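**Student:** Sharing a structure, written as C-alpha cells. Questions coming.
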Amino acid sequence: MPSVSKAAAAALSGSPPQTEKPTHYRYLKEFRTEQCSLFLQHKCSQHRPFTCFHWHFLNQRRRRPLRRRDGTFNYSPDIYCSKYDEATGLCPDGDECPYLHRTTGDTERKYHLRYYKTGTCIHETDARGHCVKNGLHCAFAHGPLDLRPPVCDIRELQAQEALQNGQLSGGDGVPDLQPGVLASQAMIEKILGEDPRWQDSNFVLGSYKTEQCPKPPRLCRQGYACPHYHNSRDRRRNPRRFQYRSTPCPSVKHGDEWGEPSRCDGGDSCQYCHSRTEQQFHPEIYKSTKCNDMRQTGYCPRGPFCAFAHTEKSLAMVNEWSCRDLSSNSTSAYSSQPGSAKRKDSPSEGSQKATEDSKQNHLAVFSVAHPLAHSISSSVASSLASSTGSGSSSPTTLPTLPARALPLDPAGNTVGAVIGSALDLRLSDINIASLDKDLEEQDLGLTGPRSLAGSAPVTIPGSLPRSPSLHSSSSLSTSPLSSLSQSLSGPLVSSAMTPPQQPPPLRSEPATLGSAASSYSSLGLNGVPGSIWDFVSGSFSPSPSPILNSGPSASSSASPNSAELARVRRQLDEAKRKIRQWEESWQQVKQACDAWQREAQEAKERARVADSDRQLALQRKEEVEAKVKQLQEELEGLGLSSLPGLQSLGDISDIPLPKLHSLQSKLRLDLEAVDGVIFQLRAKQCVACQERAHGTVLRPCQHRVLCEPCAASTPECPYCKGQPLPW
C-alpha cells in the first residue's frame, strides 16, 4: 500500500498542511470555476479547440474542491454521481452533491486536491514548456519541481495508518479502505458473480486484459478492477495467439517508465513485453512470487485479478505444474505411439519402462545440479503440456528423448557446461532466450524472491501451437541438427499426409537423431512448440495432428468448439458495433464540417457585400466633394461680393417693413465700413496724382500730401492752397 505523504501526515496530526505553490493554488482554486466573460461577448479565441481557463458551458463547469474542518472533502475524488447529466451539466443535488461529477475532460477528478499534479506526465514538453499532449493546462507534473503531495481524506489517512500498524478494522479481515477501493471491490464482486470463470487462475492467465471493455469509458472504473483493457497501455496480448518473452521491449520501456506500445515497430509480433500487465501476467512470472499486500496485511484489494500468489499453495502449484505436465505427457506420448500395444507383450517391456524412468531421472538431476536448468526443464514441460492440452488424455504423439542423450555431468556448473550438455541433449534449440535471461540475472545477483530464474512457466490451457511460418520468423535454429531436420522435413511431411500402414522403422541411430532433433527443434520461444514437426509427429499416431485442433484437447472433430465460436461471434459483434460507432461519428463530423463550410460561405458573402457598400459610399463622397468645388468656382467667377446686396433680394417691394429696416441698418453699417476704408486709403495717397503714396514733407507748412514727383513739379502746397488764411 502507498505510504502516507508528509502533507497527509500533517493533516492527520492536526498541523497545517504544506503551502501550495502559486500556480498550483491558482489552478486548484480557479480553473474552470467561473464562466468566461469573453465567451458571453462572443470574443473568446480559445473556444475551438476549447483551451480556455474558464468554462463556456455548464457541462464544463468544475466545483472548487475543499477539505472541511472535519478532514473530509466536499465531494469524493473517486465515486462518480449517478444523477449528474453530462449533456446539460446539471445535478439535482447541485453543488452540495457529495459525489464526483463527470464534467468535460473529467476536470473535477484531475484537478482535485487528491490527484492534481501528484503523478508524473508520460508526455514530453515543447519549446514553451507546455505538454505536447495536454497543452498548457496539463494536470500531471512535468519534472520533480512540479510535483505536489496529495491531500488525503481523513478516512483514507486512517485506513492507511491502520494498514501500516497492522490493525484491520473491517469485518472478515478486510480493512476499512477509502471509497475508491471499496468501489473497485464492489465491481470485482459483480464481475465474479456474472462470470465465475474469473475465479480460476488459469482463465485469468489466458483472458485477463486481452479483450476491449464493452462498456463506455465513463461508465467503467477501469484499472485493475476491470478484466478488460481500455487503452493501448492497458492491453495485454493473448498468450494463446502471440508468444513473447517476459523481458520488456527496449523500444517501449525506458528506465522504470513504460511508454506507448506503438513505439515498437514490431507491433503484436514483437517477442518482448509491451506493458507492465503483459510482464506481470506472463506465464513465466504469473503467481511466481508472494503478494506484498498479503505478506504485510493479509489482504489484497485486487482479489483474483492479482498477478502474485496469495497462498503458499498457489506457489507450490506453479512450481509443480511443469514437472507434472512433463511426466504425464511423456507417459501419454509413449503409450500413444504406433506399435506400443505390441511391445507391451514383448520381452523388452521392462527395458522400455526403465528407459522412460531414466529420462525423467536425468531431467531431475539436470534441474538440480545446474543453476540454469530449471528454466530448460520447465520450458520442456510447458511445451509438452501445451501441445497435449491441460489435463486431457490426448493420443497426440510427441517424440521422446533418447536415453543416450540425457546423462549430464553434475559437477558442470559453468555456462559452457550447461550449453554443452544442452547440445548433447539435442536441446540447443529450446529456450535460448531463457538461458540468456538466467545468465544475466545470475551475473546481476538477482537472488531475491522476485527473481525470474526461480519462476516456472504456467501452462496456458487451450493454447494453440504456432504455424510453421510464425515459427520460422520468430525462432531461429542454431543447432547443428537443424540442417538434418530440414532435410528430413520433406519425406516426413509426405508421410504425414498419407495414413501409415505400419510403424516407421526407428532402429537406426540417424532416424533416432532426426526424431529427437525434429522434436526439440520445434520448441520455440518460452518452450512452446511452433514448427512443422508438431504436424509431422501426428503421422506416428492414429489421431489427428494438434495443429488441426482448435480446442484445449485433441478430438476427432475438426470443427471449432462452441466456446471458440461464441468468442468469434462476440468479436464479430464487437467489430460491427465499432463500425457503427465509427459511421455515426463520421456522419456527425461530416455534418459539422458542412455546417462550418456554410457558415464560412455566408461570412464571405457578408464581407463581400460590406466591401461593395463601402466602395459605393466612397464613390458618392468623391462626387459630392467635386460638385461643391465646382459651385465654389462658379461663385468666384460671378464676382459677387460677400456683402448682401439688393441684387440677391430681387423685388424689394415685396419685403416686409421690419426686414427692410433691418436691411437698412445693415447696409449703413456696411457703408460706414466702406467709407472708413476709403478714407484710410486716400490719406495715404498723393493729393495731386492720387496714385502714389505721399512721402515728401513740404516747407514751411510741414504737410506731407505729395509724392516726390508731384512735389518737384508743384511749388505750392495744395493743402494750404485750399485752406483760407487765418486772418
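Using the three backbone atoms N, Cα and C, a Cβ is placed for every residue, glycine included.
Features from Swiss-Prot:
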COMPBIAS  330-339  compositional bias 'Polar residues'
COMPBIAS  463-495  compositional bias 'Low complexity'
REGION    1-21  region 'Disordered'
REGION    330-360  region 'Disordered'
REGION    446-514  region 'Disordered'
REGION    543-562  region 'Disordered'
ZN_FING   75-104  zinc finger
ZN_FING   115-145  zinc finger
ZN_FING   243-277  zinc finger
ZN_FING   285-313  zinc finger
ZN_FING   686-721  zinc finger
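Set these features in their place in the structure for me.
**Tutor:** On the 0 to 100 pLDDT scale, the zinc finger (115-145) averages 90 in the predicted structure.
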**Student:** What same-chain residues lie close to the zinc finger (115-145): Cβ under 8 Å, and 6 or more beyond its ends?
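**Tutor:** Apart from its flanks, the zinc finger (115-145) reaches 24, 27-28, 31, 51, 53, 77, 107, 109, 257, 259.
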**Student:** Reported in the order helix, strand, coil, what are the DSSP residue counts of the zinc finger (285-313)?
**Tutor:** 10 helix, 2 strand, 17 coil
